[in-house]
Amino acid sequence: MYNTLRTFLLSNARCWDADSQRSYQDLFERLDTNKDGKVDVAELRAGLKAMGIFRQGAAQKIVSSGDQNKDGCLDFNEFSKYLKEHEKKLRLTFKSLDRNNDGRIDASEIQQSLAELGIDISKENAQKILQSMDIDGTMMVDWNEWREHFLFHPAHNLEEIIRYWKHSTVLDIGDSLAIPDEFTEEEKSTGGWWKQLVAGAVAGAVSRTGTAPLDRMKVFMQVHSSKTNRISLIGGFKQMIVEGGLTSLWRGNGINVLKIAPETAIKFMAYEQYKKLLTAEGKKIETHKRFMAGSLAGATAQTAIYPMEVLKTRLTLRKTGQYSGMFDCAKKVLRKEGVKAFYKGYVPNLVGIIPYAGIDLAVYESLKNAWLSYHTTDSANPGVLVLVGCGTISSTCGQLASYPLALVRTRMQAQASLNSSNQPSMSSLMRNIVAKDGFFGLYRGILPNFMKVIPAVSISYVVYEYMKTGLGISK
């Protein structure tokens, strides 16, 4: 149904001939429902809805892009100028996709272009994407079909159109072991990459602060809870508040937020270097090499900031008056235990990167391909809920797989605060936990960890969107 409406509205709007001004005029008059000589956001939104374009913010972005006199709407000159410029960009994108220059795009060309952007999909899924643009049922998309599909879509190049399916770093659930995002050449040259990293870092800081009490409870249960010393969620919070007051629930949050910036920067720079080492010049990186580069980048970043991880655990578990702050904690640890104390638990932390990053990537790719298989009849855009849902599920699965190693790491980091002279290795500590508490002893603290996922994801996504607007990053 929407294809019929869309074709009706756009049938006279093709502007590659001498009659372009007239055809734009016809389209403008149809969108200008109140006949005031201007198209505002509400009128454009209604017109887009009639064409089956439901992308959130599309009407606002089109009006903002074309509105030269900043009156909040488009007159005919602004409207036609926006469409002409937009169409030129769409034509360039179409030509870049049309590898054999036959004037049509087929499934193999879509598959190849996606692969070059780091997204590997099957031929069947490429055909599904093609179907969302194919009006005449030929399983090929010509210029007219391409143009009609994207004319009122704010995205104008292939990277923007495909960017829906980038595995977003927006979703901060407290662990930074996922493989970094890919940035396009355009983003790198215009500086868009650092704005996205800044937006993600701020979103992560707000998210971690909002869920800090649950994170402290997780660490508290990982270290102190056992079969003989069961700690419930409510009992644990009561114990913390009685010992140090309400603000004690945020112990360790300061350094947890501080380490976001260096970790993000190191991981990004290391990822770019590892990609160059693993890929021949001029070629796009393959999925398995992207996984290797991402894992190595994660290991590099973790190695560099690991002392901050140890301090975070010590500060999280500290008693009232034990340390006056981060630097006091660092001095006391160095004086009493030496430099090597700052790398306790380093091995299980490093080993945990592989199952976390691998399962996170595999689950995300599976969910993405499942969505593309069944839901691309009308649009290749999955929408916010699907993207956030896929990212949340994949990150949670990654956490679940690496959680025993995270627990062992935390126990090793906290050994001195437990007044223990015995310093067991990773394997012996794991055996001791299983012997005393059974297999599920390796999952102590998993409840508050899972409880913080949804609020953490929600907070980080909302803050990220606000930060993107503030920094002028286009959607």
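Cβ coordinates come from backbone N, Cα and C, glycine included.
A TrEMBL annotation is a machine prediction, not a hand-curated record.
For 19-54 (among others), the entry in TrEMBL reads domain 'EF-hand'.
If you look up TrEMBL, you'll see 85-120 (among others) marked as domain 'EF-hand'. Across the range of the domain 'EF-hand' (85-120), the DSSP-based residue counts are 23 helix, 2 strand, 11 coil.
Taken from TrEMBL, the feature domain 'EF-hand' covers 121-156 (among others).
Per TrEMBL, repeat 'Solcar' is recorded for 191-277 (among others).
The DSSP breakdown of the repeat 'Solcar' (285-370), given as helix, strand and coil counts, is 73 helix, 0 strand, 13 coil. According to TrEMBL, the repeat 'Solcar' annotation covers 285-370 (among others).
Taken from TrEMBL, the feature repeat 'Solcar' covers 382-470 (among others).
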*Per DSSP, what is the residue count of the domain 'EF-hand' (121-156) in each of helix, strand and coil?*
17 helix, 2 strand, 17 coil
*Secondary structure tally of the repeat 'Solcar' (191-277) (DSSP, helix then strand then coil)*: 73 helix, 0 strand, 14 coil
*In the repeat 'Solcar' (382-470), how many residues does DSSP put in helix, strand and coil?*
75 helix, 0 strand, 14 coil
